Amino acid sequence: MTKFVFVTGGVVSSLGKGIASGALAAILESRGLKVTLIKLDPYINVDPGTMSPLQHGEVFVTDDGAETDLDLGHYERFIETRMRKANNFTTGQIYQSVLDKERRGDYLGKTVQVIPHITNEIQDFIKRGARYDTPDAVDVAIVEIGGTVGDIESLPFLEAVRQMSLRMGPNNSAFVHLSYVPWIAAAGELKTKPTQHTAKQLREIGIQADVLLCRADRPIPTEERDKISLFSNVPAWGVISMWDVDTIYKVPRMLHEQGLDGLICDKLRLHTPPANLKRWDDLVYATEHPQTEVSIAMVGKYVDLSDSYKSLNEALRHAGMKNHAKVVITYVDSETLTPDTVSSLAQFDGILVPGGFGVRGVEGKICAARFARENKIPYLGICLGMQVATIEFARHVAGLKDANSTEFDPLTPHPVIALITEWKDADGTIKTRHAKSDLGGTMRLGAQSSDVSPNSLAHSIYGDVVTERHRHRYEANVNYLDTLRKSGLVISALTQREHLTEIVELPQDVHPWFVGVQFHPEFKSTPWDGHPLFNAYIAATLEQRSALSQAKKAETAKPLKVVAST
């Protein structure tokens with residue numbers, strides 16, 4: 001039977017519940033347990049698909065096409081289990097499901113209430129995510145509850161897991177509570193009072209924490225931990241310090257050395273081999289001992305919040321580790337780039353243009369793509385980054401003046417990027433949409449396969465077939481592909497079903513490394529293997545850096561021209 005660990009947070013949000021949950025899952029997985037993670041989000045949105053990245057961070061996409069919280073990206077980077085739609089749900093989904101049942105008459109005329117109908121539905125969703133009572137059920141499901149204790153929005157979720165724990169019995173569930181222990185510079189000490197209060201709030205709704213993870217900017221001394229233990233009713237060995245580190249991949253070792261996994265296994269009566277964290281130690285060593293460095297300009301429109309590109313940042317760092325290089329990412333606001341300012345990108349070893357929506361900042365991205373093409377700087381365009389590269393090529397190489405996407409200019413004379421109105425989803429279901437369709441859930445989503453052209457750069461990276469995750473509405477217009485091909489653009493991958501453009505590139509005798517992809521490869525990158533596309537991209541930037549360095553040395557070594565004096 002599946003055991004459950006419920007992870008809650010207090011005092012403030014953004015403490016790192018997702019990192020803590022993923023790290024705990026990684027340690028338990030290293031003990032030989034089958035683990036999954038589930039994220040409960042208390043907002044009323046059905047999913048984060050229509051939320052601003054500047055407010056919510058990136059939207060992480062699963063293989064089965066779910067638009068989910070960015071924490072699911074952390075989960076996939078910490079453990080082997082792949083996430084599904086069932087691993088993330090929101091208040092909006094819960095209420096939508098309950099109201100659908102009410103309309104069908106499933107409640108047989110009863111008054112539908114938060115307790116028991118909403119709380120029961122939450123429990124059913126949790127069990128579904130854990131595959132509870134099924135042949136492929138996991139050993140441990142770690143359930144992260146978004147928000148903080150005391151928020152009105154979180155109360156139904158907290159009540160649901162309280163009931164669930166009561167029904168399952170004390171040895172089948174555990175509660176881990178994250179709290180903030182601030183350092184007050186003026187007083188020169190850590191303050192434990194906020195943690196005492198949040199533990200009390202948790203008890204007031206019927207939940208006693210088994211473990212307190214105390215977040216701070218430094219390790220918390222024993223004296224403060226003993227004080228927290230006394231006032232929170234948690235044994236001293238259950239008060240664990242979780243301090244700031246320079247890489248999240250140090251967190252599993254940090255928590256293991258303080259005995260967190262042992263505490264959880266004892267509470268849940270799980271008998272397992274000791275944890276083996278060698279792979280994490282090796283990973284941290286690789287992170288801390290790069291042999292070289294490479295600089296990447298990420299030209300985006302959501303650069304004010306780095307979490308908007310969380311998986312992309314991690315994918316670049318993973319590729320850096322595979323190439324024994326430190327990747328230094330500089331965020332460039334695409335709205336600041338014009339033909340007069342784009343030369344500022346010359347200082348970087350590579351240019352990357354990520355995905356995005358809407359017309360704001362698009363011309364700056366087009367400038368970046370042109371600068372990379374004309375100056376032979378390694379370029380990787382993802383989703384919108386592929387589309388702007390196609391638009392730029394159409395305008396300045398193929399001679400299609402004012403070429404554009406109908407997303408940005410519905411009246412463009414050359415819509416080289418346009419809205420596709422019918423396609424098959426990841427599960428084969430035929431979907432339709434038009435310009436006035438709802439924004440939520442109307443994109444091409446999830447994993448889909450494409451055939452890769454032989455003798456292409458893409459083929460050297462992926463082989464014959466590429467399967468990647470998608471999240472977009474607009475596609476390269478098939479009516480312009482022949483024109484673009486004749487002008488020198490290589491269409492190196494097409495979807496197997498609709499033959500839509502998936503990868504474009506420039507021949508390597510024209511440009512050393514120029515690739516645009518319609519999908520989102522960053523969602524499948526892992527710290528162990530990186531991702532073949534990002535690995536190749538960073539390798540190309542390193543080659544470019546080395547070639548420029550050698551050319552500069554050769555230029556410096558030239559003998560001085562002697563001018564005869566008169």
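Each residue, glycine too, has its Cβ placed from N, Cα and C.
Site annotation (Swiss-Prot): ATP is bound by SER14, LEU15, GLY16, LYS17, GLY18, ILE19, and the candidate from ASP63, ASP64, ASP69, ASP71 recorded at this site is ASP71. For the L-glutamine site, Swiss-Prot gives GLY356, LEU384, GLY385, MET386, GLN387, GLU407; the one candidate out of ARG317, ARG469, ARG471, ARG473 that the record lists there too is ARG473.
Of all the binding-site residues listed here (SER13, THR192, THR195, GLN196), the one with the fewest other CB atoms within 10 A of its own CB is SER13. Once Cβ contacts within 10 Å are tallied over all protein chains shown, the binding-site residues LYS17, LYS191, LYS193, ARG473 are led by LYS17. Between the CA atoms of LYS191 (UTP binding site) and LEU15 (ATP binding site) there is a gap of 16 Å, rounded to the nearest whole number. Long-range neighbours of CYS383 (active site, nucleophile) (same chain, six or more residues apart, CB within less than 8 Å of its CB): PRO354, GLY355, GLY356, ARG471, HIS472, VAL517, GLN518, PHE519, HIS520. Neighbour counts were taken as the number of other C-beta atoms within 10 angstroms of each residue's C-beta; across the binding-site residues SER14, GLN387, the minimum falls on SER14. Listed in chain order, the extra residues whose Cβ falls within 8 Å of the Cβ center of the L-glutamine site residues GLY356, LEU384, GLY385, MET386, GLN387, GLU407, ARG473 are GLY355, PHE357, CYS383, VAL388, SER405, ILE417, HIS472, TYR474. Applying an 8 A CB threshold to same-chain residues 6 or more apart, the list for ILE152 (CTP binding site) is empty. Of all the binding-site residues listed here (SER13, SER14, GLY16, ASP71, GLU144), ASP71 has the Cα closest to the Cα of GLU407 (L-glutamine binding site).
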